[in-house]
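*Asks:* Sharing a structure, written as structure tokens. Questions coming.
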Amino acid sequence: MSQDFDYDLVIIGAGVGGHGAALHAVKCGLKTAIIEAKDMGGTCVNRGCIPSKALLAASGRVREMSDQDHLQQLGIQINGVTFTREAIAAHANDLVSKIQSDLTNSLTRLKVDTIRGWGKVSGPQEVTVIGDNETRILKAKEIMLCPGSVPFVPPGIEIDHKTVFTSDEAVKLETLPQWIAIIGSGYIGLEFSDVYTALGCEVTMIEALPDLMPGFDPEIAKIAERVLIKSRDIETYTGVFATKIKAGSPVEIELTDAKTKEVIDTLEVDACLVATGRIPATKNLGLETVGVETDRRGFIEVNDQMQVIKDGKPVPHLWAVGDATGKMMLAHAASGQGVVAVENICGRKTEVDYRAIPAAAFTHPEISYVGLTEAQAKELGEKEGFVVSTAKTYFKGNSKALAEKETDGIAKVVYRQDTGELLGAHIIGIHASDLIQEAAQAIADRKSVRELAFHVHAHPTLSEVLDEAYKRAV
């Protein structure tokens with residue numbers, strides 16, 4: 001490192017993306033600092049992935065042990081199940097503390113300098129850190145922006161963080177309302193509906209688009225609606241906006257038809273979770289000091305090497321990863337982007353393969369996917385001149401699923417008819433989040449279903465649902 005610089009790399013934001021980048025940078029021999037103004041670990045560790053999975057694990061056990069029909073099929077009888085909200089909430093909070101501590105310690109152990117305060121770009125290769133007691137200026141050969149995202153709250157919604165709240169508050173599980181409305185049917189809304197119904201709450205789900213779960217493959221969404229929504233007596237509204245939400249007791253929700261814009265109903269519920277997506281936290285980053293502007297939604301434009309783009313060209317020595325780029329708002333995607341950015345900083349040209357990054361909803365049963373949906377693949381096929389085919393298998397034909405008495409589910413693979421290249425995989429079923437990685441690796445390696453059909457899977461395992469899907473594709 002030149003004496004003109006304090007660090008080879010300064011990272012703004014110690015979420016999963018920044019943390020992953022910092023660890024890889026140190027392994028590559030870069031003197032690295034990471035700046036964080038709030039909680040180490042960012043959204044994932046403190047208000048997202050980690051606490052929500054703890055809640056899902058606990059509530060999932062309650063659901064499983066409360067399902068007398070399922071238990072009797074296995075020859076098990078339990079005389080009632082009890083739980084305490086406070087203990088489940090404490091489990092989530094304790095896990096957050098542990099992961100946050102582990103993350104911080106890993107940075108210290110590898111000699112990454114952790115600097116507390118608000119970090120912002122103050123010029124080319126320069127970062128200003130505004131702390132409680134001092135302001136520092138750091139010179140860095142490379143700067144990486146990892147500011148993350150925050151929940152999006154549409155206009156007309158009054159948030160009081162008690163009766164009307166976002167996922168930031170929901171993960172604390174401070175109350176179990178008798179009746180809760182959830183605005184949005186994406187993975188956040190789905191996961192919290194899973195938690196709340198398992199713990200005895202009545203749920204109403206409101207979706208602005210015509211169909212529930214619009215981000216999932218339609219066949220998967222149809223099964224999910226049957227298994228995760230209808231079987232749990234969740235009331236649903238589709239094609240409807242929650243145009244006004246007034247916090248209080250009760251919470252008042254005005255519903256408006258998305259097409260006609262007419263008010264169609266008013267709900268009075270005990271609480272409301274607003275799960276309408278997330279927006280980038282890109283304000284006050286000092287981007288203007290290097291002539292960079294965010295797009296109209298606030299995202300930082302980057303290329304697949306994670307270089308910040310201005311007027312179609314990379315900005316020297318400036319990188320961005322994670323939710324703030326708008327590419328794929330997932331913690332593991334951010335971590336992968338961070339590693340790719342560091343590789344490029346070190347002169348090893350690398351690009352992010354977004355098609356091979358999997359995603360999952362940790363409902364009961366789980367949903368996972370990687371690559372293209374059937375519709376997306378067909379659209380690509382029309383452009384590039386190839387035909388798309390699909391193959392499906394059902395968990396009800398899988399020996400391990402039958403042994404578990406967990407037979408709701410399907411695995412669907414999407415592939416090119418000419419070359420057999422796997423383009424996408426979509427699963428709903430027990431342990432779907434674990435099963436999808438096999439397909440993700442196959443997509444990353446551009447494998448053909450004709451090759452995959454000859455791979456031997458252990459028997460009896462759930463992984464055979466993909467094995468059977470590959471074989472049906474040949």
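Keep in mind that glycine also has a Cβ here, set from the backbone N, Cα and C atoms.
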*Asks:* Looking at Swiss-Prot, Gly184, Ser185, Gly186, Tyr187, Ile188, Ala275, Thr276, Gly277, Arg278 are annotated for NAD(+). Which of Glu169, Glu202, Glu207, Glu293 sits in that same site?
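*Replies:* Candidate listed by Swiss-Prot for the same site: Glu207.
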*Asks:* Please name the cysteine among Cys28, Cys49 that Swiss-Prot pairs with Cys44 through a disulfide bond.
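*Replies:* Out of the candidates Cys28, Cys49, the one Swiss-Prot links to Cys44 is Cys49.
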*Asks:* Fewest other CB within 10 angstroms, which one of the recorded positions Lys38, His459?
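*Replies:* Result for the recorded positions Lys38, His459: minimum number of other Cβ atoms within 10 Å at His459.
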*Asks:* Restricting to the same chain and to sequence separations of six or more, state which residues have a Cβ under 8 Å from that of Cys44 (FAD binding site).
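*Replies:* Sequence-distant Cβ neighbours: Gly15, Val16, Ile50, Ala331.
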*Asks:* Could you say whether, by DSSP, Gly184 (NAD(+) binding site) belongs to a helix, a strand or a coil region?
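*Replies:* It is coil.
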*Asks:* Taking only the Cα atoms, work out how far Gly42 (FAD binding site) lies from Cys49 (disulfide bond), in Å, as a whole number.
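*Replies:* So the Cα of Cys49 (disulfide bond) lies 10 Å away from that of Gly42 (FAD binding site).
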*Asks:* Can you tell me how far the Cα of Gly119 (FAD binding site) sits from the Cα of Cys49 (disulfide bond), in Å?
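*Replies:* It is 24 Å, counting Cα to Cα.
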